[in-house]
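Here the structure is laid out as structure tokens; the discussion comes afterwards.
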There are 2 protein chains.
Amino acid sequence: MTDLKTRTGTELEWTELDQKAVDTTRALAADAVQKAGNGHPGTAISLAPLAYLLFQKVMRRDPSDSTWLGRDRFILSNGHSSLTQYLQFFLGGYGLEIEDLEQLRQYGSKTPGHPEYGHTDGIEITTGPLGSGLAASVGFAYASRFERGLFDPDAAAGDSPFDHYIYCVAGDGDIEEGVTNEASSLAGTQQLGNLIVFYDDNQISIEDDTNIALSEDVAKRYEALGWHVQTVDWKSGADYHEDVPALYAAILEAQRVTDKPSFIVLKTIIGWPSPTLRNTGKIHGSAMGEAEIKGLKEALELDPEKTFFVEPEVLAHTRRAVGRGQAQHAEWNQGFDAWAEANPERKALLDRVLAGDLPEDAFADVPEFPAGKAVSTRVASGKVINGLAKRFPEFWGGSADLAESNNTTIEGVGSFLPPERATAMWKANPYGRVLHFGIREHAMGNILNGIVLHGNTRVFGATFLIFSDYMRPAVRLAALMKAPTIYVWTHDSVALGGDGPTHQPVETLWALRLIPQLDIIRPADANETAAAWKQIMSRRMGPAGLALSRQNLPVFERGEGEASGDVFASTDGVAKGAYVLAAAKKDVPDVILIATGSEVQVAVAAREALASEGIDASVVSAPCLEWFDEQSAEYKESVLPAAVKARVSVEAGATLGWAKYIGDQGRAVGIDHFGASADGDFLLQEFGITHEHVVAAAKESLGR
Amino acid sequence: MTDLKTRTGTELEWTELDQKAVDTTRALAADAVQKAGNGHPGTAISLAPLAYLLFQKVMRRDPSDSTWLGRDRFILSNGHSSLTQYLQFFLGGYGLEIEDLEQLRQYGSKTPGHPEYGHTDGIEITTGPLGSGLAASVGFAYASRFERGLFDPDAAAGDSPFDHYIYCVAGDGDIEEGVTNEASSLAGTQQLGNLIVFYDDNQISIEDDTNIALSEDVAKRYEALGWHVQTVDWKSGADYHEDVPALYAAILEAQRVTDKPSFIVLKTIIGWPSPTLRNTGKIHGSAMGEAEIKGLKEALELDPEKTFFVEPEVLAHTRRAVGRGQAQHAEWNQGFDAWAEANPERKALLDRVLAGDLPEDAFADVPEFPAGKAVSTRVASGKVINGLAKRFPEFWGGSADLAESNNTTIEGVGSFLPPERATAMWKANPYGRVLHFGIREHAMGNILNGIVLHGNTRVFGATFLIFSDYMRPAVRLAALMKAPTIYVWTHDSVALGGDGPTHQPVETLWALRLIPQLDIIRPADANETAAAWKQIMSRRMGPAGLALSRQNLPVFERGEGEASGDVFASTDGVAKGAYVLAAAKKDVPDVILIATGSEVQVAVAAREALASEGIDASVVSAPCLEWFDEQSAEYKESVLPAAVKARVSVEAGATLGWAKYIGDQGRAVGIDHFGASADGDFLLQEFGITHEHVVAAAKESLGR
């Protein structure tokens, strides 16, 4: 193996062909946006030297294999400048051709407006929402250290096939968004030496000169956050000078610093050398116009009459990246094969993790909870997490400073922290499995995305359900990418009590259920919680969020199979999203009570009260409506028979979405207003989340 | 008038009674949480000296009048420590008594778990979601400068009745949340000299020692953000020493710095002098237990047998704050009266703004848009904004770096910026009316809250609709407080085109409509946009968000009144939230097509197509479902007759919530999946937002 710190050669070779290749990408960027009619040419033009340097001279990547484990990762946080990446994918032979550039921002093309994970081969993560990429790059760096610990913990630093760099390019928007300050603070705490971030400091955003909104000293801020900071100023001389060797030297220096993440401020002129639009907000996000493009090409000494043109010898030169990458890959394979031979068990683990398979007896240590005793689902979840952790070494996670409240601590495995971050309460281990995000929910969300995308480990993050709002943009990105992150959201209703309306979710469950490709699971008792976790660990189709109670809930006495008579169903139905927990006496119930989470017990009590009045009700526990929606029509009919129009939903939150399940004749028992600071049980009474109210609603629905 | 810079006396008087009062509040904090059974005693105990110093010695406030315009504002960003504020309200005679402290966190009490605006007299803003208070305090400081410019622009610095300080207390959570970095960067850019923030640097959060997640140099970071930073270290000596004079001196120094916001790092031991729980995460958020409270009281030399006890002479001493405040108020009144006499027009403006009244001919300059020409609702909104701005001098706002896309620039009034922040594109004026938030949506949301709460001016903030997710926690707080902030959210569907799924809202409209007390308005054409703005300016019942199109939409030809025959209704119905835009031929339509925003034209086209097949449809334009829900049953019946079960909703987004309006027999035309990068018109076709599809859905709903 080549040592990670010295892997990039110390001499930069930068020929006329290299420069011509860089200049060619500038022209192609202008052409592509012009043809599309809209897009973002400016940064793609001015960052062309950086992008080329990284993809052709610095990063270890194999254009012919985007799945190579040993590759350096590249994250374009300023995702609107997707051309920056596409153009290097074109030059470097990653599978994009001129035709793809011509199809920029067209339906189904490989070159959408923002880089899309799972859509264009080689894209590591979907970016565009500003700040998300830089924040996720911290997660990539977390993952690279964790995976090294999992698979090759004893190798010398920089010596393992699991060692590589995470490179991230960010713009003003990324720097201004608060989520990057959150994530960058964690990166400093974690001493992520393999993370190198470039800040394209061009002092231009959409509203032109950033002096109106960004006057801070960004470099000093990153120093304060514990980063190694360098500035490469291409504007320092009388004329703008794209000093590539200086940038290269800074990258080498950043590679040598192994105990801090590195931040390289690159001062550029956006759109340079575009004749009139450079250094203006206009070139950020609009087509430049024919005249300006002509001027650009002339300034670059390219033929202004040609569009989408690359000289064959330029392309031949840059496509040599494929051979270089394959050679690097082959060299890496030797080290990897040696590791695999010496570590057959770890190799088997790696194969399983990459395949997304379950371990043997995956759920053997997940507890069953005895009926009768009251347990909150958050406490049950904590026990399940610890049961899973014994069988899934790739399972890790933590909380945004609410570990004890969220019940998310894996015991006995140490915190993922450098040694000097140990405290009286927490043991520190660079390869530990307990994550401490601080009070930074949004960064947590993006870091989870980065972790999952990097190496397919299973990771969870936790906070109060209400604060899912803080992390919502990152949750949406996970859903868009179908990244199987896991969220542990506790304190899931007004029943949390005295903290009051700022902390009490009301609209939150439905607001989350609205996000496509996101599963929201709200288990009714401890054993549903265990079943939910098992299903989450078995599925890998996208993100999943658990909504868990603060308050204790009875653990239902259950039978072995389906509900029958007075015997409640087993938890097998949890995986189907909704199931008949308590059957009606008749084949067809008079009324269906459908409830989730802590309100299932309310529905159960209502069923008994209705029975005493001769009304035959079934109780449907519906922990995950997304899973239920996937079921066959037959199964759905068995749970919610179409003939039964009398239905009541019970959920201590907004009622809006329930109409889909209860129909016109149904009644929704819920809370469509903000909560209040008071005892939780009191509030449930006050707000009508009671079996009496459910009984009344059932009668209303029955027209009685 | 006393000059603002020298208003606080230079000599601190700190007697034994003062110290006893401070110590009494510590015991009361412990007692209150113990009685409630849960809550947050730790910070209330250790910050007692700071809170007492501010409320008794520093701030200019009149406990008998919480509405006094000239008061210094106090914002407790670490809202969980609400006792910090309640205890000073008790000591200082603000209306809280021992009984209120005994009712901590009880339903309806004046002492809820977190400070609630509009609930407890004297609370300036609801806090609790971390970071929100500090970010909003920047908005308070924005407002104080803007209002000074509106009412008394020519007074010497510190000399106006509109000059005062904004004091904010923040904890580790506030510092870790990214939103405060966003807002603090803006505060530095804006040189907010009257903003003084205290950072309670106790190195303890819920997961105990913050070394696991907060290792950055916070003081240096705030220097980098352009703040004046001081550190007062009570832990620097061999023993912990609460050096109140040093803290006082730092406050005086902060007051003297008028060109930068001030940040005072106060290093404390949480819970000091609690014998065993101090300096631990345990004392942050739990009742301490009887033994610990006894130890605390003994350490304070208070009687451990007494609970909720304050010595009469202590209370008599601290209640003198009422008289002092009234005297300050009376002195201020002289200056204010002199100003009022010299500035009768400005005084009338002030009275109107405080009353929340409209100006005369408020809407005289709001344009009417001629039918026929296609105009996007974002462009129409921009023209309306400029029309309103002529009549409402208290109307200001801007964008999170998308001014041109959001069409939010008030022309000719200058940007709200210190002179040295002027750029080629933007004129700077400290009292300007155009706001530049940078790419910081979350801070924008909180700053808007602070602005509205400070002095009742009308302010708007803008971004793309999808990025309402970034500001969602702040929007929720506005709704909870019923603060009439205004959001201009443009690019409101997949029709925005090539930017792709990261930028295309799908679930967003319903996710926002789920928030209680928030109005979401999606106008169908330019004239509905004008009507919507008028209604927003007339209502002040809570926040309102406009969802506006990127793409051009036809301006409907309308009649003068209700829809009749082929004559479309006037825009009068906009204020009712939904109205019959195009009537059916018969009294009772065969089918109702209900649509919002850009999809109303689709419904109109479908109505024509249906007519050609002999199906009689009405088109209901529903710009604001919240306003519609408020209407009388009669009005609702006139728009959506119960007898008509055949209904189709049309909205280019998630369909979830439409069931409420279209019922079991209805059909929802919408988009329940993520978007794609492509031309907007193409996507609408591809995703079935077409009149053909609406026609088919109408027939399905009719059972044909």
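Cβ coordinates come from backbone N, Cα and C, glycine included.
Within the same chain, residues at least 6 positions away in sequence whose Cβ sits under 8 Å from that of B:Glu441 (active site, proton donor) are B:Ala400, B:Thr463, B:Phe467, B:Ser468, B:Tyr470, B:Met471. Residues or ranges marked as active site, proton donor in TrEMBL: B:Glu441.
For B:His40, B:His284, B:Arg378, B:Ser405, B:His491, B:Asp499, B:His503, B:Arg550, the entry in TrEMBL reads substrate binding site. In this structure, B:Ser405 (substrate binding site) is part of a helix by DSSP. In sequence order, B:Arg378, B:Ser399, B:Phe464, B:Thr490, B:His491, B:Arg550 constitute the residues six or more apart from B:Ser405 (substrate binding site) in its chain with CB-CB distances below 8 Å.
Classification of B:Asp172 (Mg(2+) binding site) by DSSP places it within a helix. In this view, B:Asp172 (Mg(2+) binding site) is surrounded by 27 other Cβ atoms within 10 Å of its Cβ, with every protein chain counted. Per TrEMBL, the feature Mg(2+) binding site maps to B:Asp172, B:Asn202, B:Ile204.
Sequence annotations record features per position, and here TrEMBL assigns domain 'Transketolase-like pyrimidine-binding' to B:375-555.
Here TrEMBL flags B:His40 (among others) as site 'Important for catalytic activity'. Around B:His40 (substrate binding site), a 10 Å sphere centred on its CB holds 24 further CB atoms from the protein chains shown.
As annotated by TrEMBL, site 'Important for catalytic activity' applies to B:His284 (among others). There are 24 other CB atoms within 10 A of the CB of B:His284 (substrate binding site), with all protein chains counted.
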Looking only at DSSP and grouping its letters into three states, which state does B:His491 (substrate binding site) belong to? coil
Same chain, not part of B:Asp172, B:Asn202, B:Ile204: whose C-beta falls within 8 angstroms of the C-beta centre of the Mg(2+) site? Give them in sequence order. B:Gly171, B:Asp200, B:Asp201, B:Gln203, B:Ser205, B:Thr210, B:Thr268, B:Ile270, B:His284
Protein Cβ atoms within 10 Å of B:Arg378 (substrate binding site), excluding its own: 25
Among the binding-site residues B:His40, B:Asp172, B:Asn202, B:His284, B:Arg378, B:His503, the ones with a Cβ under 8 Å from any Cβ of chain A are B:Asp172, B:His503
By Cα-Cα distance, the member of binding-site residues B:Asp172, B:Asn202, B:Ile204 nearest B:His284 (substrate binding site): B:Ile204
In the structure shown, with every protein chain counted, which of the binding-site residues B:His491, B:His503, B:Arg550 has the densest set of Cβ atoms within 10 angstroms of its Cβ? B:His491
If you measure from the Cα of B:His503 (substrate binding site), which of the binding-site residues B:Asp172, B:Asn202, B:Ile204 is the nearest? B:Asp172
CA pair B:His40 (substrate binding site) / B:Ile204 (Mg(2+) binding site), Å rounded to integer, equals 13
In Å, rounded, how far does the Cα of B:Asn202 (Mg(2+) binding site) sit from the Cα of B:Asp499 (substrate binding site)? 45
How many neighbouring Cβ atoms, not counting its own, are there within 10 Å of the Cβ of B:Asn202 (Mg(2+) binding site)? 25
Calculate the distance in Å between the alpha carbons (Cα) of B:Ile204 (Mg(2+) binding site) and B:Asp499 (substrate binding site), and round it to a whole number. 43
What number of additional C-beta atoms lies within 10 angstroms of the C-beta atom of B:Asp499 (substrate binding site)? 27
Max Cα distance spanning B:His40, B:His284, B:Arg378, B:Ser405, B:His491, B:Asp499, B:His503, B:Arg550 (substrate binders), Å? 48
